[in-house]
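So the structure is just underneath, and the comments pick up after that.
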Amino acid sequence: MSGQQKTSELVFFVNGKKVTDTNPDPECTLLTYLRDKLRLCGTKLGCAEGGCGACTVVISRMDRGQNKIRHLAVNACLTPVCAMHGCAVTTVEGIGSTRTRLHPVQERLAKAHGSQCGFCTPGIVMSMYALLRSAEQPSMRDLEVAFQGNLCRCTGYRPILEGYKTFTKEFACGMGDKCCKVNGKGCGGGDDTQSVTDDTLFERSQFQPLDPSQEPIFPPELQLTPTYDSESLIFSSERVTWYRPTTLQELLQLKSDHPSAKLVVGNTEVGVEVKFKHFLYPHLINPTQVPELLEVRESEESIYFGAAVSLMEIDALLRQRIEELPEAQTRLFQCAVDMLHYFAGKQIRNVACLGGNIMTGSPISDMNPVLTAAGARLEVASLVGGKTSHRTVHMGTGFFTGYRRNVIEPHEVLLGIHFQKTTPDQHVVAFKQARRRDDDIAIVNAAVNVRFEPRTNVVAGISMAFGGMAPTTVLAPRTSQLMVKQPLDHHLVERVAESLCGELPLAASAPGGMIAYRRALVVSLIFKAYLSISRKLSEAGIISTDAIPAEERSGAELFHTPVLRSAQLFERVCSEQPVCDPIGRPEVHAAALKQATGEAIYTDDIPRMDGELYLGLVLSTKPRAKITKLDASEALALEGVHAFFSHKDLTEHENEVGPVFHDEHVFAAAEVHCYGQIVGAVAADNKALAQRAARLVRVEYEELAPVIVTIEQAIEHGSYFPDYPRYVNKGNVEEAFAAAEHTYEGSCRMGGQEHFYLETHAAVAVPRDSDELELFCSTQHPSEVQKLVAHVTTLPAHRVVCRAKRLGGGFGGKESRGISVALPVALAAYRLRRPVRCMLDRDEDMLITGTRHPFLFKYKVAFASDGLITACDIECYNNAGWSMDLSFSVLERAMYHFENCYRIPNVRVGGWVCKTNLPSNTAFRGFGGPQGMFAGEHIIRDVARIVGRDVLDVMRLNFYKTGDITHYNQKLEHFPIERCLDDCLAQSRYHEKRTEIAKFNRENRWRKRGMAVIPTKYGIAFGVMHLNQAGALINVYGDGSVLLSHGGVEIGQGLNTKMIQCAARALGIPIELIHISETATDKVPNTSPTAASVGSDLNGMAVLDACEKLNKRLAPIKEALPQGTWQEWINKAYFDRVSLSATGFYAMPGIGYHPETNPNARTYSYYTNGVGISVVEIDCLTGDHQVLSTDIVMDIGSSINPAIDIGQIEGAFMQGYGLFTLEELMYSPQGMLYSRGPGMYKLPGFADIPGEFNVSLLTGAPNPRAVYSSKAVGEPPLFIGSSAFFAIKEAIAAARQEQGLTGDFPLEAPSTSARIRMACQDKFTNLLEIPEEGSFTPWNIVP
């Protein structure tokens, strides 16, 4: 076969339609094929590494061995299109649409308010669809597993689960056979999941029933044509050849001819290497039709799995055998199943195979430690002298010979793996610790295979294997030998721990970092294994039940995702409110149905235009250096490459840009200031070519020093932006300190946060006639893009139009940083007179665009013996990166919010904007507020600890009261924080839980719980006065339909939905008559960014202004036709020549405070307040944690749309939870970002939401300063996520107290598993020798 030259024909089906390709590209993914060739853009590119699930599609294939059709959710971003031969692909467009019929999975997600920005929605829909095609009535556990590979950055996951649990077995109805789900009338049924959800947020009775008989049939041609599976295939392109052999002989011959060829089954490793490491494999072999690699057979001693059998198939069969066979025989099976549950996401497990896992040899593989400890037997084959040769290899000592290398020769093929059945005296256990439990790579994992002397706890033999401690999976033979013939008890385990510390060292600079934590995990996981095995020995009566102290037994347990319980409480509209008046009603997001069907168009979904080019960016590979050479000749020599752009194509003035200060460059000029700075751009025919050409551009540097990365380094070098520090003062701090009963000095620190909007930055620029330039841009600030494009091209602004229909998330990251992509794209389009497009890959986006600002706070506080705070002197430092961007405003908000809800009569706040060699950090939801309040909550807890009072009491003592004045001279009006607190305490059963937590902590040594209360006060307004304005335009057409335009951008926050609701009430018409098309600078000029949570406040009032103008014009007509309809009034107005178009404008009154020029004005229009209470449990041995419950009460005035507002609260909480506990940016000491995708950067997933999640909107609290008495909601709830952080800190304190450690201890945010574990000092951490800081160069640092 390897000598075959003819390229085969690729045949597969997509949404029921046959696709035939005579020249497929082996380098092309299914996602690229769907989007670029078939124009099916519902499937999204979110990460390109199989970590976010936005690209999920369903692959259906005929299993001829079992004569059944299998439906699998897969990641289209990793799936090679050549692997689709003989398959049927279903995308989100193929299951339903708004124009024909919605599928129930689309409808329920949308109507349950489970779609906000909508970019992740098609992937989540298809994960659910795949589950229902495999199990018509799944369980809640099935639901949990189905979504392990999907991420959502907006919703907080709760509404998605609430909508989809209506498909599950647990969603039961007491009507039995009379249930409306059975008789096809939809469901308003019951719920066995104990959810107390107020189901008025959505009407379950409106859901259409699921009818499996209506699903698309599997293409008969594929079902009836076995040659699709039996024929050998070869697909060739200029660089790569793809082979699909169908016999073992063919496979071995190919491997003999091409020993370096890669075998590709799921492409989950090779795909990532090709995409991000730019590896080129000229020969790829797909062995999925070779029977010997798909074989499954069972004997008395083992189960044999072919090397290409998928992990999900292995999991299913092992689970079946666990149910059928005696427990003593299935301990290895159970261990494997436990590890597989946390192995990637379901989309990966559906296609990945165990053979690939073994042969890849990752040092942090989840399965290799299990197989190594078990000494798994492998079957290997090769061609020797033209004949097939077989041999057996054992995984164990010597199997792995180096990083990603093993004893299997390049020309050999792994055929399969034997899973041994265990004996009654054998126990196998394994543990994995990662940053996040679901879909994450291990930090350290461990597997133990131990045999005991019959009916004793005396070790007869033991094998311990570890991942994450060396370049390969490693064994601990010396420690294992020490254990032989010894009883497994506490004494032995202590000796084992000490021995392992010596046997498994780790260099202080080892890749991956977290050195002390990883070493601690080795002994901690072995201790968990000891507890787990001892419990089983105790249950078998082999050792005494008292052998393990009762308080230690829970140390063996793992966290499991509980079934969600939730409540959403809000004020219902009064019965007298007209039905057509939507204000206060939980209307569905205006675009939700389009998003759920894949019909919603985002920037990169815009159809390709004739002559369109793609722009590939050339990025700096140095943190600080002079550019000595820039040579694009090699790139320009490629066919299909049309131009290269750099600073040489602009004047110095044109190249200087920035949102406020023009201290940035479109293209780096003489110097680069950070990794990832844009040096140039290549315009080519397509994305792959443009990116390949960009990598060929030669940039030579002369490196400069010093390179400043961290805040501490900036302080050391005095590296601050001009005009800093700045101070805000109130009262007399020095006098207050002199008179104080107590003073305390402390500090706290928190890291940055990646926005991780699911849609990366994107722009399309189209030159028009008359020197016009039209941009479609994923930006929160179209007018800023318009202004800077005009600046760069030297066009007047009226020749540049910027459009933003919708964004796939923003969170502040698209407020100013959109120019990074938009300006090079616009320049290229303008100069080449051709349409140009660019959408950043995830790694590019994370490298280029900056993050939330890391902060360091140093404070001194004065207080009385009862805890009343009298003064605070605080220094605030933020890490701005290399340019100013909006860092000055972020710092100012932090300085204005540090006191949170607490009155401090004497204040001195100093602020420093640190200049470092990082990409410029930027706006992020909260905009410095959460960082400032983080310091305030440390201060209040420090005070409570020192005076020995309960934190809650000290909070109440120091709370602001209505009428108090802040340190920036703003009087607090309508300040309901005590009411929010009281409601939240009652809702959460705070005092009852306090008692329960104390009891739990007494009874458990290695598990601890904590509880924290977090209040929040968030000021609403832009920090600069001129941005607090908005405009609107309303056009009414002859048929009565209304086209509404406003200056805000729909980012997923429901702004368009709310604006439609506002206009509907103002005009007295149904929402169905109103449509918003897009945000565009030619409709509403000079817009402010959609940011600062004021989108509804500003644009809503502008919309009302426009509506009032229309109403005044229509008033005489309505008086003349009092019984007329809206359409009749509009028709009459048209014929009476009354203008049916109106503009609206609003400028927020009473703001613009400046201590010298405008001292009587407000800084903020008003405040949004709330209180959150979280209960958290930690595993002291691993640092893992779980949020058991969260209760939130928010004062958001009179809600315009409670479903959207509650969704914003839940989403903000989860984003804040990620900020404070989970999301860690990893940088090299030179400032290179390691965490450039979901593989290393972990945001919360479905399994991370609180087990009980209750949100209540404060009733009877209208706000006179915003549209329809509402309040801003986007940013204020985010800081409540810190309740998990402070609950974790309380739990750690409980663990430390048992060790006699009663003082304060540092804990940086995020409180990752590493920081939690190392703060829980105990006998295991005390075994470690920690090298002195400064004695080595760490692998990573915190900026």
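Placed from the backbone N, Cα and C atoms, the Cβ positions cover glycine too.
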Further substrate ligand in Swiss-Prot, beside E815, R893, within candidate set F863, F924, F927: F927
One of F811, F888, F959 listed by Swiss-Prot as binding Mo-molybdopterin at the site of Q780, R925, A1092: F811
Further binder of [2Fe-2S] cluster 1 named by Swiss-Prot next to C47, C52, C55, taken from the candidates C28, C41, C77: C77
Chain-mates of E815, R893, F927 with C-beta within 8 Å of site centroid, substrate: G812, L886, S889, V890, A923, F924, G926, G928, G929, G1023, A1091, A1092
Rounded to the nearest Å - Cα separation of E815 (substrate binding site) and C353 (FAD binding site): 43
Residue with minimal Cβ packing [other Cβ atoms within 10 Å] among the recorded positions E269, E815, E1275: E269
The domain '2Fe-2S ferredoxin-type' (8-95), counted residue by residue under DSSP: helix, strand, coil: 15 helix, 31 strand, 42 coil
Cα-Cα distance, maximum over E815, R893, F927, record's substrate binders, Å: 17
Among L263, C353, L414, the most crowded of the binding-site residues [Cβ within 10 Å]: C353
Candidates G266, G356: member of the binding-site residues with the richest Cβ shell (10 Å): G266
Shortest C-alpha distance to F927 (substrate binding site) - which of the recorded positions G266, E269, C353, L414, E1275: E1275
Candidates R893, F927: member of the binding-site residues with the richest Cβ shell (10 Å): F927
Length of the line joining the Cα atoms of G356 (FAD binding site) and E1275 (active site, proton acceptor), in Å: 44
